[in-house]
Amino acid sequence: MLATWHRRVKCGGRSVGSPSLCGAVVLSCNRSSLAETMTEEKRDYQEVPTKEGDEVKAEGEVVGLKPKMTLFNGITVIVGSIIGSGIFISPSVVLQNTGSVGMSLVVWIISGLFSMVGAYCYAELGCMIQKTGADYAYIMVTFGPLLAFMRLWVECIIVRPCSQTIVALTFSIYIMKPFFPDCETPDSAERLLAAVCILVLTFVNCWNVKWATRVQDIFTGAKLFALAVIIITGFVQLGRGQTQYFTFDNTEPDFTKVALSFYSGLFAYNGWNYLNFVIEELKEPVKNLPKAIYISISLVTIVYVLANVAFYTTLSPYEVLGSEAVAVSFADRLYRPVEFLIPIFVALSTFGSVNGILFTSSR
């Protein structure tokens, strides 16, 4: 009995010195074996995909958005979100507040640099807090849920829907412009087409992320192609000696009025922060987010300045001030009989902008 008392009891590779503990150890070992068996069964169950082609989720994996966006996709999101209708409409407003072509070009350059600084400050936040939602996530971490909810409510109920509506209406106006060259487009048709634009792009974004990024890539390419055509035409005009409007004559002496021109200039650069909203879906965000911002805003600044230079090689300051859409007036002067292509490219540009707003708004 004494020998039994002091006998080491083996159980599951472990030993205990007291037989009174053996039952507990055996029960514990049985429970451990049962837990291991259930874990193995659970693992086997998790490894069964729901349908062919599904990826197997690892045990304990957190549900979230997978990083599918490359650096190129990140660049197209920023460029596609920034370049909308602003560059085709804002030049007249910037010129109105600056008074001269030379000063207006300075405003466009400073607006780009200012946007770059803001974007890099935002990129630092995005690299530190790598959560989808951008403003909402940053305010949540810093100030708590109340202010974060208020920011989210304003963004979702007021800011984003209004932005989408304005850009979608601009799309419908320009896409119908070739059919109504000498008169205004019907108001009801504008509204219906804008609604169709939003619904189609909403479906695309809900159906597949790859579809949404592909649409963004295609339409970003289309708008850059349109601006490239305008810029190349500008270089041709410069080669012909069309430089008479590039002066600082009549520059607005009131600095406060010149400052107002930055509203329109910075409006044209709006969208530099949109990649932060999808930071979880960007591959290697710490590396690719700053790169995407630098490449995108540098590209947009160069394109905007050169596009303005191209406009002023053909249009006088008075013609720019009297034009609702400078690019359309530019095309009417130089691209006949295919001047209708520019309104179509403007429409494609705004279509891509609507997709960019929807893509980031859902996050």
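A Cβ is built for glycine as well, from the same backbone N, Cα and C atoms used for every other residue.
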Expected hit for transmembrane segment in TrEMBL across 260-279, 340-359 is 340-359
Below 8 Å between Cβ atoms, which of the listed ranges 71-89, 101-123, 135-152, 292-312, 340-359 makes the most pairs with the transmembrane segment (192-212)? 340-359
When each of 71-89, 135-152, 292-312 is checked against the transmembrane segment (340-359) for Cβ pairs under 8 Å, which one has the most? 71-89
Residues from the same chain, set at least six apart from the ends of the transmembrane segment (292-312), whose C-beta lies under 8 A from its own: 71, 74-75, 77-79, 82-83, 87, 91, 101, 104-105, 108-109, 112-113, 115-116, 119-120, 123, 224, 227, 230-231, 233-235, 237-238, 245-246, 268-269, 272, 275, 282, 320, 326-327, 330
Which residues of the chain, 6 or more past the ends of the transmembrane segment (71-89), have a CB below 8 A from one of its CBs? 167, 170, 174, 213, 216-217, 219-220, 223-224, 227, 264, 267-272, 274-275, 278, 282-283, 288-289, 291-293, 295-297, 299-300, 303-304, 307, 324-328, 346, 349-350, 352-353, 355-357, 359-360
